[in-house]
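Asks: I'd like to ask you about the structure that follows.
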Amino acid sequence: MPVTRLKLGKLKVVRRQLLQRYEHQPFVSCLAGLYGCQWRRYQRARAQPGECCCSKVECGSFGLLILTFFLSFLFLYFWSEAQNDYNDFDWFNFGTLGFWFPWSLVLLVVAASLFTYIALLLVLAVCLLSEGQRLYLHWSHKTGIVVTLAFSVTATAILSDLWSKEWKTLLLSLQVTAPFLHVAAVSLMAVLSWPIALHFFRMNKKVRQVAVLGLYLSMLFSLYLVPLGMYSPCIKEAGTLGPAPRLIGHRGAPMLAPENTVMSFEKAVETGGEGLETDVTISYDGIPFLMHDSTLRRTTNVAEVFPNRTHLDASMFTWSELQQLNAGDWFLSRDPFGTVSSLSEVDRLQAQNQSVPSLAQFLEVAARGGRLVLFDLRRPPYGHPYSQSYINTTLQVVQAHINSSQVLWLPSEDRELVQAVDPELQQTSGEKASIQELTDSHITRLNLHYSTMSQQQISKYQSVNISTNLYVISQPWLYTLAWCAGAQSVTTNSIHVLSNINKPLFLMTPEEYSLMWILTDAVSALLIIAIFIFHWWRERGLPFWSGSRQTHENGPYSKFRTDSSEVICVRWSPLHSDPPAGALVSLPLVFNP
């Protein structure tokens, strides 16, 4: 029985089946090559009906991949939503390490890169499962998964310990992003229904089928019901949105000029700030001046001018010594917000020549523009000549340079005395309290961290004419939340950005949100049902339309498994009585390495 090879073109039926079987082989080769470095066909195998899609080791690797995907996404989402406080994070590291570096951006880039890598691996795995291929993950990818998992867990744990308040920011972000995350998650489950349905109908064990389908449906129904527990102040009836919060420049406009300098406050006024916020301390000879930190190391060149006094408290310098310092060079060299490149040459020259301003200079800028002022007042250390009289010294400067009604008086020390000396000051508290306590202290405004944002509390205080200012809000989505929650003002680093926002980024009526929720769930449910019906139909080998020919003998997994090099033909010799002499019989051979 001599064996000869036939040209594929002479066997039209076989050719049609081969084309049906191999039309996606380049695609599968690419998938298997990227996922498991299996670029050649003999290196991989298809999962046979009733078989598991991978070995126990590969099944564990796939489970670890899924876990890493969710944990890396959690950290990336957490760190992306923390952008509002990147500046604080970088300066915290500066104080700890002693040198400046944009750690926040580096961490964001690393997190985004690792998540993208894991997401691509997961897409490759899902595509291979959709093609009925057995999974095999290359050892280098397994190492990458372990590294990504370790990074995500470690970074999340460290930041949770050092910066736990950012979890409140994460919860606030869900009030804006939850509707869109819900749509994305439901869409992802609809996509995953294809490989899940495909393997569900291949399984010959009822227990395994029930486990897979039960897990999938429980996750799907949970996602369908998630919106029931969602709350957002931006889902409100039409016409109930209040006016946009007024903008108070945090240390001026620190993205456009060095913080706490005359230039910074002038930029804040130019870009639409209705108020100016700063920090005040008292020099050794009794001149109130602007400085946020306890030392001069971060925002001046004190290390060059007074190298032996870099760690001294800022209030231990005289005014004449402070005037010798440059308060702008650091802004150009460190570029804390990444905005220096957007400044004009004139602005850069002006920033380079900034000095430490006095409180009087600051108040004059605010008085010229008719702006509100809000400042923290730091008590000088023990032994300072003005450690007992710093409040009176500051009050005298305020009364001499600005109308007291423009001042939001924040210091809590000796509040009753201050109120008696100058009743026109707008008494402002940095802490929540009962309405009775606030009114007894003549409080007219609260200055609270944005993480304490609550629509109910803001409304409650507003009902007794106590306004709420939230700090520090620099991201548009946070500004949107503050607007929807009814805050009267916000302290911000990005006046030039927020002043251009004319409406909330996210605003829906309850009816619009319900329609969005119902349509998303209904469309995805119909699509998933259709996909399961499609795979059930294919598995039974039924024709898809009237008059069509059945192309599968026993479902989609019993296709003709050869390629053109594997089709051989046996010519029967006349010695055989059956089949007739000269008959050609093609015998497809299946090779499973």
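The backbone N, Cα and C atoms fix where each Cβ goes, glycine too.
Okay, these came from TrEMBL:
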TRANSMEM  62-80  transmembrane segment
TRANSMEM  100-129  transmembrane segment
TRANSMEM  141-160  transmembrane segment
TRANSMEM  180-201  transmembrane segment
TRANSMEM  213-231  transmembrane segment
DOMAIN    245-502  domain 'GP-PDE'
TRANSMEM  515-537  transmembrane segment
Asks: Sequence-remote contacts (6 or more beyond its ends) of the transmembrane segment (180-201), Cβ cut-off under 8 Å?
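Replies: Residues 47, 53, 126, 129-130, 132, 174, 209, 212-213, 216, 219-220, 223-224, 226-227, 230, 516-517, 520-521, 524, 527-528, 531-532, 534-536, 539, 555.
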Asks: Would you report the average pLDDT that the model assigns to the domain 'GP-PDE' (245-502)?
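Replies: The answer is 95, the mean pLDDT of the model over that range.
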Asks: Cβ pairs under 8 Å only, please: of the recorded stretches 62-80, 141-160, 213-231, 515-537, which one is richest in them relative to the transmembrane segment (100-129)?
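Replies: Comparing 62-80, 141-160, 213-231, 515-537 against the transmembrane segment (100-129), the winner is 62-80.
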